[in-house]
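In what follows, a single structure is set out as structure tokens and then discussed.
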């Protein structure tokens, strides 16, 4: 976006009135505190519980890291830049902030897409080999590289520029493109690559997952005479993960939409100087606040949809809990193959065992879950789904 100096600035130092500044300050402070606390909890809980280091939780861990990046590199600097006319952080931070914000947003949406793709393979095509933890790390590495490649142009054109206003010189931080066409082209490309395309892909993946899960035979029902249903516990765990990730996607789409609309409106809306001033002084601060609230909401969604995450949270942060003994009770639910079927009475070459797990620590906390163990070519792949 380009920065426009307007006569409608209410003062030489501030862009908004004092009541508006107070409201924005409180809102940004609440979102900052909630984002830091919530996502640090996610990082600590997953990091300290090795049995949670599955593929899905690896992606969620990366999502929490990107949200923390937003908290530390975006929220405070964006608030100050929205309040003060002059850039107070210098040219270097002007560039870093632009790149950090772009990186974190790109990492969030591409990580959500990766989670959807992983769930799609596991549920719709269970006969295919799913990602290992190491492969998931490579996917995450690719996510950050792709985000950096897409957001680098924004960092290149973001810098300080001097403006003269009422006989005073101000250093303004903004995006200064060589031409209006290049600015509009990048805005359109960013909207498609980081918003429209990922959401379309995720929607298609989850629609196929929903069709697979909701229209599959119930336990005890026949399915062409050759398919045994997936264990109820496993299906319940899968559905919790699906509901959680769909909620994360809906929250992302809803919270970031106002900011994308504001950017498109500025670049393609032919706004008057007064409208541009209102956009920069009030609409953009509000849109950024709503967008950053996504990083605050994400860890709340984890706690809402995953009972075991709350139990692991209590166990992790209870003094001395890690040193007390734990008891493990397991009930075998089903033994079959990775396809979830036995054809002609002979199992396929990828046997699967599903266990219902009750872990009781020394404090009496019961942690429930389902562990699916798949053996492929004498290699055991174990996944714990919350």
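Backbone N, Cα and C define each Cβ position, glycine as well.
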TrEMBL lists transmembrane segment for one of the ranges 210-233, 282-305, 306-329; which is that range? 282-305
Would you mind listing the long-range same-chain contacts of the transmembrane segment (20-47), meaning Cβ under 8 Å and 6+ residues beyond its ends? 14, 53, 57, 60-61, 64-65, 67-68, 70-72, 75-76, 78-79, 82-83, 282, 285, 289, 292-293, 295-296, 298-300, 302, 309, 312-313, 316-317
Should the transmembrane segment (241-262) and the transmembrane segment (136-156) be scored as in contact, given a threshold of at least 3 Cβ pairs under 8 Å and pairs 6 or more apart? no
Using a Cβ-Cβ cut-off of under 8 Å, list the residues of the same chain that are 6+ residues beyond the ends of the transmembrane segment (59-85) and lie near it. 9, 12-16, 21, 24-25, 28, 31-32, 35-36, 39-40, 42-43, 46-47, 93, 96-97, 100-101, 103-105, 107-108, 111-112, 114-115, 118, 136, 139-140, 143, 165, 170, 172-173, 248, 281, 284-285, 288, 292, 294-295, 298-299, 302
Close approaches to the transmembrane segment (136-156) from elsewhere in its chain (Cβ under 8 angstroms; 6 or more beyond its ends): 55, 58-59, 62, 95-96, 98-99, 102-103, 105-107, 110-111, 114, 118, 175, 186, 190, 193-194
